[in-house]
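Trainee: Mind looking over this structure? Questions follow.
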Amino acid sequence: MESLSPAIGSNPIRPTTTISGENELLISSIKSIKLPPVARRKMRMRVAAQSSNFVVPDNIDFSDPDWKVKYEREFEARFNIPHITDVFPDAVSYPSTFCLKMRTPVTEDFAQGYPSDEEWHGYINNNDRVLLKTINYSSPTSAGAECIDPDCTWVEQWVHRAGPREKIYFKPEEVKAAIITCGGLCPGLNDVIRQIVITLEIYGVKQIVGIPFGYRGFSNNDLAEMPLSRKVVQNVHLSGGSLLGVSRGGPKVSDIVDSIQERGINMLFVIGGNGTHAGANAIHDECRRRRMQVAVVGVPKTIDNDIMLMDKTFGFDTAVEEAQRAINSAYIEAHSAYHGIGIVKLMGRSSGFIAMHASLASGQIDICLIPEVPFNLHGPHGVLQHLKYLLETKGSAVICVAEGAGQDFLEKTNAKDASGNAVLGDIGVHIQQQIKKYFKEIGVTTDVKYIDPTYMIRACRANASDGILCTVLGQNAVHGAFAGYSGITVGICNTHYVYFPIPEVIAQPKVVDPNSRMWHRCLTSTGQPDFL
């Protein structure tokens, strides 16, 4: 096995062809052309490829009248979540020890040492599903449309509902559960740790440990396991950071699994982002290859909200809320100065969700710059020209920029961090310097203030919204492990909590769609023009 660092730094992209264009008039005109049905459909496909906004999965023959049924079956197979019985068909199941109706402690008085068969309608059926997408777009040119074919045909895509099952595949008294937190800090880490521990104890687990400093804790003999219990984690959510510490990178996957085997761990809860989940999936695969009965379950952590298929990830709401302080300070500085300009740089390596939502929430931003939308600084339609207009008409201006925006303006270093991510240049400092230089050259006095609240936002305590999200994610992670699932992550989809197979959520980062209604709302709020 290779080192974990490449595994957690890679983004295996599912083969698709992204298509965008001008309008849909040509598509409708094809109806008037006299062609065989198959040829007409292929022509519509080609024209749509130039005139619409949709994603065409590879290996789909749209001339096949049954393509939709076949696609739905393929989707169901892709999103089928791995289960312990895939490797151990004779795995024994037990009545669940999680029953909120019957709170008597587990004793041998019950059959097999587990709760009675008292009926409780609180379990999730394994066949319960949640609809992944709920909008039936009538046209590929609809704002934010996600279409599979040129006709924007409605295709049902169902994913597994999360929650406690009536049957479990681990005896709680035999479980040793481990928790790790990887990557950077994020509001809510302690909340998730706390809920995993509390839920494990409700199931009856006695051996719960934390692995310090992410995957590194599996190989560093100087880092001892941290025993965890409800008493230990009771108040950890009241502060930011991670009780277990965080780090990037780590040892080889084979070494990690060796350590898991030596320690007798049979449940591993991995809290982290795309890279961390890639590592978790590699660990899951290696455990399966060795026929180890280990459940590996991820909890998606990215403050940037850039994990595919999920409504949002924990820490994001807190980041947007805390960003308001920085934006308001920049606004006051700019508004109080003669020709004042405030610049706030927020997190967002490859996606501008924080910058976009913070700009919308504040109502004080004049220019929002994100990685997904190219822009020019100079020229008649550039950011600097618009700033000049704002100073002439408003007297001040406030800019919000995501850290990954405008990287083409900066010198490339090819440096990478321990997770394999490219080390970004500071776009905020660059914009500050360019603003000062530009206005000095045209003889206009300005007062430019630059604020970077990144580490203040990352280290703060989760707000109420994120606290609830963390609580439910942590609980459902434990439910998934006891239900016998592995190689999965838990998320929120269309307001419901679901289980995804890890490969599907790490295929590529989620990004802001420049044609989405939310980005259009942001543009309406800021009033900014197209900077190209």
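Glycine residues also receive a Cβ, built from the backbone N, Cα and C atoms like all the rest.
Automatic prediction, not curation, is the source of TrEMBL annotations.
Taken from TrEMBL, the feature active site, proton acceptor applies to D304. For G184, R248, G249, G273, N274, G275, T276, the entry in TrEMBL reads ATP binding site. Residues annotated as Mg(2+) binding site in TrEMBL: N274. Feature annotation from TrEMBL assigns substrate binding site to T302, I303, D304, M347, G348, R349, E403, Y455, M456, I457, R458. Annotated domain 'Phosphofructokinase' per TrEMBL: 177-479, in sequence order. Look at TrEMBL and you will find G275 tagged as site 'Important for substrate specificity'.
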Trainee: Tell me, in order along the sequence, which binding-site residues from G184, R248, G249, G273, N274, T276 have their CA within 10 Å of G348 (substrate binding site).
Mentor: none
Trainee: What does the structure give for the C-alpha distance between R458 (substrate binding site) and G184 (ATP binding site)? Integer Å is fine.
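Mentor: With the alpha carbons as reference points, the distance is 8 Å.
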Trainee: Rounded to the nearest angstrom, how far is the Cα of G273 (ATP binding site) from the Cα of the residue listed as 'active site, proton acceptor'?
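Mentor: Each residue's Cα considered, the residue listed as 'active site, proton acceptor' and G273 (ATP binding site) end up 10 Å apart.
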Trainee: Taking only C-alpha atoms and a 10 A limit, tell me which of R248, G249, G273, N274 are near T302 (substrate binding site). These are the binding-site residues.
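Mentor: Hits: G273, N274.
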Trainee: Counting Cβ atoms within 10 Å of each candidate's own Cβ, which of the binding-site residues N274, T276, T302 comes out highest?
Mentor: T276
Trainee: State, in Å as a whole number, the widest CA to CA span among the substrate-binding residues T302, I303, D304, M347, G348, R349, E403, Y455, M456, I457, R458 given in the record.
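Mentor: Comparing all Cα pairs, the maximum is 17 Å.
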Trainee: Using a 10 Å cut-off on Cβ-Cβ distances across all protein chains shown, tell me which of the recorded positions (D304, E403) has the largest neighbour count.
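Mentor: It comes out as D304.
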Trainee: Return the single residue from the binding-site residues list (G184, G273) that has the minimum number of other CB atoms within 10 Å.
Mentor: G184
Trainee: To the nearest whole angstrom, what is the C-alpha distance linking G275 (ATP binding site) and E403 (substrate binding site)?
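Mentor: Between the alpha carbons of G275 (ATP binding site) and E403 (substrate binding site) there are 19 Å.
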Trainee: Between G249 (ATP binding site) and E403 (substrate binding site), find the distance joining the two CA atoms and give it rounded to the nearest Å.
Mentor: 22
Trainee: Record lists G184, R248, G249, G273, N274, G275, T276 as binding ATP; longest Cα-Cα distance in Å?
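Mentor: That value is 12 Å for the farthest Cα pair.
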